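Over in TrEMBL, the protein carries these features:
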DOMAIN    3-134  domain 'Tripartite ATP-independent periplasmic transporters DctQ component'
TRANSMEM  27-45  transmembrane segment
TRANSMEM  65-87  transmembrane segment
TRANSMEM  107-130  transmembrane segment
Amino acid sequence: MAMMLLTVADVVGRWLLNMPIQGTIELTQLAMVVIVYFTLARVEYYDEHITIRFVSDRLPWRWQYVVRIVAGVVSFVLLLLLTWQLYEFALRMRAVGLTSDLLQIPIYLVVFLAVAGAGVYALAVLNNILSFVRSTIPERSE
């Protein structure tokens, strides 16, 4: 919401008053990085991704189970790799002192937030895999 208001204020200031808000583009770009990573984690946690099941629904139940587990494990591993590489990138950005052009915001801060978002995304995938496995294991009656 804040990003939308900032953008609207910048457009109004630019066109009506010929006075744009300095740094709006930088703030919007940096905020989008954080928003995207944490939104992906939230969508995964609540299992709200768009899915197309016309192929998987035709598979026998056992194959559906295997495909879902394999896809989840592959996703988890790839997200761990992404998190690790983002972390390495953040360390490099901090070492060289890279900042945004106008506002001089350190880029590594935003990348560390992306690391956190990717890590939470990986944990959400792991949680969903484990929940799926637990939900498909029959309960024992004692």
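Glycine too: its Cβ is placed from the backbone N, Cα and C atoms.
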Long-range neighbours of the transmembrane segment (27-45), counting only residues six or more past its ends (CB under 8 A): 3, 6-7, 100, 103, 105, 107, 110-111, 113-114, 116-118, 120-121, 123-125, 127-128
Segment confidence, the domain 'Tripartite ATP-independent periplasmic transporters DctQ component' (3-134), expressed as mean pLDDT: 94
